[in-house]
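Taken from Swiss-Prot, the feature compositional bias 'Acidic residues' applies to 59-69, 449-458. Feature annotation from Swiss-Prot assigns phosphoserine to Ser77, Ser424, Ser449, Ser454, Ser492, Ser1241, Ser1263. Sequence annotations record features per position, and here Swiss-Prot assigns compositional bias 'Basic residues' to 84-94. Feature annotation from Swiss-Prot assigns phosphothreonine to Thr440, Thr451. The compositional bias 'Polar residues' annotation in Swiss-Prot covers 1210-1219. Summarising the annotation, Swiss-Prot assigns ATP binding site to Ile1338, Gly1339, Glu1340, Gly1341, Gln1342, Tyr1343, Gly1344, Lys1345, Val1346, Lys1361. Sequence annotations record features per position, and here Swiss-Prot assigns active site, proton acceptor to Asp1452.
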Amino acid sequence: MRDAIAEPVPPPALADTPAAAMEELRPAPPPQPEPDPECCPAARQECMLGESARKSMESDPEDFSDETNTETLYGTSPPSTPRQMKRLSAKHQRNSAGRPASRSNLKEKMNTPSQSPHKDLGKGVETVEEYSYKQEKKIRATLRTTERDHKKNAQCSFMLDSVAGSLPKKSIPDVDLNKPYLSLGCSNAKLPVSMPMPIARTARQTSRTDCPADRLKFFETLRLLLKLTSVSKKKDREQRGQENTAAFWFNRSNELIWLELQAWHAGRTINDQDLFLYTARQAIPDIINEILTFKVNYGSIAFSSNGAGFNGPLVEGQCRTPQETNRVGCSSYHEHLQRQRVSFEQVKRIMELLEYMEALYPSLQALQKDYERYAAKDFEDRVQALCLWLNITKDLNQKLRIMGTVLGIKNLSDIGWPVFEIPSPRPSKGYEPEDEVEDTEVELRELESGTEESDEEPTPSPRVPELRLSTDAILDSRSQGCVSRKLERLESEEDSIGWGTADCGPEASRHCLTSIYRPFVDKALKQMGLRKLILRLHKLMNGSLQRARVALVKDDRPVEFSDFPGPMWGSDYVQLSGTPPSSEQKCSAVSWEELRAMDLPSFEPAFLVLCRVLLNVIHECLKLRLEQRPAGEPSLLSIKQLVRECKEVLKGGLLMKQYYQFMLQEVLGGLEKTDCNMDAFEEDLQKMLMVYFDYMRSWIQMLQQLPQASHSLKNLLEEEWNFTKEITHYIRGGEAQAGKLFCDIAGMLLKSTGSFLESGLQESCAELWTSADDNGAADELRRSVIEISRALKELFHEARERASKALGFAKMLRKDLEIAAEFVLSASARELLDALKAKQYVKVQIPGLENLHVFVPDSLAEEKKIILQLLNAATGKDCSKDPDDVFMDAFLLLTKHGDRARDSEDGWGTWEARAVKIVPQVETVDTLRSMQVDNLLLVVMESAHLVLQRKAFQQSIEGLMTVRHEQTSSQPIIAKGLQQLKNDALELCNRISDAIDRVDHMFTLEFDAEVEESESATLQQYYREAMIQGYNFGFEYHKEVVRLMSGEFRQKIGDKYISFAQKWMNYVLTKCESGRGTRPRWATQGFDFLQAIEPAFISALPEDDFLSLQALMNECIGHVIGKPHSPVTAIHRNSPRPVKVPRCHSDPPNPHLIIPTPEGFSTRSVPSDARTHGNSVAAAAAVAAAATTAAGRPGPGGGDSVPAKPVNTAPDTRGSSVPENDRLASIAAELQFRSLSRHSSPTEERDEPAYPRSDSSGSTRRSWELRTLISQTKDSASKQGPIEAIQKSVRLFEERRYREMRRKNIIGQVCDTPKSYDNVMHVGLRKVTFKWQRGNKIGEGQYGKVYTCISVDTGELMAMKEIRFQPNDHKTIKETADELKIFEGIKHPNLVRYFGVELHREEMYIFMEYCDEGTLEEVSRLGLQEHVIRLYTKQITVAINVLHEHGIVHRDIKGANIFLTSSGLIKLGDFGCSVKLKNNAQTMPGEVNSTLGTAAYMAPEVITRAKGEGHGRAADIWSLGCVVIEMVTGKRPWHEYEHNFQIMYKVGMGHKPPIPERLSPEGKAFLSHCLESDPKIRWTASQLLDHAFVKVCTDEE
């Protein structure tokens, strides 16, 4: 219950009376026998109440709280009207008898009491100023909160005394409790009287003298025991009488206090107020009757029959003829708005009548007691429906206006949004709580300011402009051509409005373009990204949309089983709940009938518009990304960021699509109607998916061209494949395209591996023939053979890694895609159906797919979720992550036929057994409809279950069908892609075999022609090592490729497997020496390969081939093992040494990469980091051994060579891990692809100094020396003698004593220097509050010197700029203050941070962020690599964009003013030449007329003054281009000219700095946009951020 309602008086009267203070004194007497401590003074209670009432008041303080759980009353929004509070409290009292009821605050007063209740009570309220109302409400709420806390702390009497003392003196007459009042219900009630009732004695009087003493004692004891165990009826009656008396007097006193307060507020006596209330209550039956018979009176509004009302709302997408469209069109839109406005005013008036009626009673129970119709069910339903309609209509109207403000749209009615003006600032008498309004305002501010803040700096800047774009700005941007692109289509938003697509008409549809959101979308994507944009829009709109959706759901709609889960893949964006809260489900059952009876207009149009606006904003993001696609082929350095943006917009678009469908599926009665107006959105989603696929194909092709392409390639492909599996099911036709694309990519990897092998062999052969043609000495020939052998081993090793990654990805594709087996009917369809019926199969009926025949086993008939998962799996959805347990025996049979007539002829259309109806998702139905199924498919969820289910099905239906494909995909396009992938894998087997033959042929010819007998044995050793490495590669590849094959491909790979084994055995018999009784280590992998031959491969051989293979195996094994004591005739053994693959200079120090393990490819799955961590010592030893082997000639050791001894030499930088070379290379390592050389820096061979690495300016070295000096000072202080220690102690004691005396004002303090803070304050600068100590000088510029500085309090290292000036030099102080003002206004991670200033008489100290890695000019002296240039350029462009958006022109952008930090960030600083523009929105060139800056970086308009017009922000863009040239070449532009006047002359004559040739095409295009001579054509910083040159990933995903 709310507080006691005072007599309705106009709001001006409230201001005259101390209502805020007396609000706490209002009682709200419940009819229950407990007191309310918030309602009456404690002194009055102690006088009137008994001890029991006081105890009950103290017993349960929680029940007297003002805050009640109001969520369960109406369900659409918290019941915040005083009427709603009363109804909730009355219901609470009925449900919990004997518990005190709580009150809620009365927010507004009613109209004057003299007015008739039938008059329009809203007119008097409209005259009140909104400002005074809000101020009064805030003061009252604050006072209530404070005093309530005091009451709960047992300070009630003290607070009442203080409040009473603060009130104006006014006589309050005494109230007679026994006096009857007309307006109080307890006055005529009969007072309960409790009198002691004599109880008749029934026991017979017995003479005690007749009983013995022991018997008498026994009798007395028995009587006492019986009395103790029984409850006295007398005491029970007396106790009940006392409770009734206390409750009566408590309720009576509360009602009298309420009457007294009503009289006090109205300025009447108690008797006059009593008479007034009695008279006013006579009109209550008429008010109740008017509410019960209320129906909206539209008066003179002529509306057509197809208006959007609850009786018959027009369904979205309803078709009309063009004539109806033109006739009904806009008139229906304006008519709906008029209906909304009229209905809102009338409902508001009827609710005010209800408030007026309830204000005449102290509680709702008292009102219900006098008028039973008020408590009737029909009255409650009617009032609840009115509250529901009023709350949701007002809420949706407000959210539409908020969205218009956020999106920068002012004239909402021009674009067809159903927004109407609310005539009063308080239309529904406070129906919406203040907290909700304030929360909405906070969310709006967050959304507007969110586009200005970065991820690193969540606090918005005070100078950030609001994200509100005027219509003029939109029209300007539209006229500039940024909207009319080739992908732009006219898509009206009228399809989201409840009165249909055609109703807007041609006049309104021309305004309904999604391009009106373009300025907002462009800015939001750049400044906070799509993910934050979706999160904030969802936070702003989701609550209102959910409440409206629950109210619009029709309960009489037939419910069919359908699978519509929340998007699990979007859980990091927003959480969608498939079921609304239970408290919100209660409203629609009552509301719909009542709303129809009252002829209220539907709020469905506003709901549909809001849902569509969210979808259209994301649609515009899709369009923007499509238009920003680079025209040419993107480079490797920018394609990663482009792929990342594609994935982000695809994920966001699908999330918003599912949210839109979730909101509208039950409102519009089915997803078919929801999908009918999303064709344009679906088309753009498909286009974006195709763009993503093109980027992926280009990316993999570029990576394959790198020398070390095998590193991390599989991880990249797995990540992209997992993402594609999640999203493609929700895009039309996406599953088949995705499967085909990734099969092509895997085949492309296998083909490129073969090409890499052939090109490497071609280079080796060419080098060998070149060395042979030189006719050099034997030493040169030997060196050439050794180098080529080593190169071949590296070639086979890299080809092995590439093939391993490609095969691993191909096997993963096969596991995910091959989930079906294809059968061909060998009998008629009738026989098959009879067999299925005999096996108790169940047919699955899908509405709309009558030509698709689906059968499942009888065990799955009740498992509809499993059937839906099987259907999803058949269409390509990844079901491996579903939380439900997967049935091992779950499968379905799928076949499809053309028309129903043919089905009836073939027998497919006749099924007389059991059938079950399933309604899948719309995407599943679309895919099933477009699938081509020629034969019968058996589909399972996972490929691991396919073999078992296929064999079981074949046995059950034996003789009726034959297997065509044992394992294939359910979609023909993917099945063809998998077949092509297997053919590519078989082709690589042939290319590996050909490569080994080529190496054998190459070395055989060389040795036969050129090598002498004495050198032949040594060179044969290297030749055999290369051959064994090639064979080992072939072994591992053949063993792995077998696992990829199925069906007829297994027989093909079996033939190649046996052929390769025969090739190896022949090589061993002809080129290798016989063994000595044990198996040599080099033959281990060959023997393992022979053991892995499957019996199926051998069984397919003809008898002659099998016998020859058997004989060859026996001969090979005998030759390799040999006899224990075979003599060694040669100086060196001819058997190959244990193969050691020499590490490439870019390989990680991993022992597994040096010596291949017998397990083959399986060891490659271990991450290199994990392998390196535990084997660093072994890796170092292996590296040393490899280096020794590579440097020297092979020693005579035979097959089992002795490991090389470690040599104490200088550390090899190539053998170590990543050396600490250039800092730029370490930053670039995060951006570069993992397979790039880890020692690609030109400075990799440099030795690092013992002291900390320094930059060219020596700033880091000096700071290191400063820290060393401080540590030495501390060490010297610790070595003091006893005398120094005593003196120091005395000095510290004196300082503490003086400090304590100064604190007590006993002594003063002499100031050495006068305070100059007044000078700081008048310029408004931030002064430092920390103690600091100056360090070394690190630089000197035009305006002062720069030192390092340490904060004594925190130890933080800062930069301190010292500026000296003459005393009273106000000009210098003002110029410096202007620079600091520019600093203070902005806080961004790419701008140097400003801490404060300290001003003295002749100098000023400016404290700034210290950038410890020097300037960009210093690190660019040797030129930078392009990926680093791109990273730095992006950060500089972001910093310039932030300055320009704040209206600041830097005017001195150059390498010396751009600073680097150890974290890799670029920071733009030195704002000495910057200027703050007066007009932020102005973007024209002529903004500044002074010439400042550095000549080499000056724009032409700065030098020429633009013929008197001045220059603007475009000058910074020219300087940015000059900085990029400096990073590329290492020299500033125009470095060949010595004087500034020469440079100014060249630039002024229209010459541009030459663009470096070694820059990529994207970089050259970027520079051409920066170095435009005409500033009007030159791109802005915002446009440059969309260029492909700066599309780099600044952080790892």
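Glycine is no exception: its Cβ is also placed from the backbone N, Cα and C atoms.
The Cβ of Gly1344 (ATP binding site) lies under 8 Å from the Cβ of Lys1361, Glu1362, Ile1363, Arg1364, each on the same chain and at least six residues away in sequence. For Glu1340 (ATP binding site), the same-chain residues that are 6 or more apart in sequence and have a Cβ closer than 8 Å to its Cβ are Val1346. When Cβ atoms from all protein chains are considered, those within 10 Å of Val1346 (ATP binding site) total 20, not counting its own. Under the three-state DSSP scheme, the residue listed as 'active site, proton acceptor' falls in the coil class. If you draw a 10 Å sphere around the CB of Ile1338 (ATP binding site), it holds 20 other CB atoms from the protein chains shown. Around the Cβ of Asp1452 (active site, proton acceptor), a 10 Å sphere holds 21 further Cβ atoms from the protein chains shown. According to DSSP, Gly1344 (ATP binding site) sits in a coil region rather than a helix or strand.
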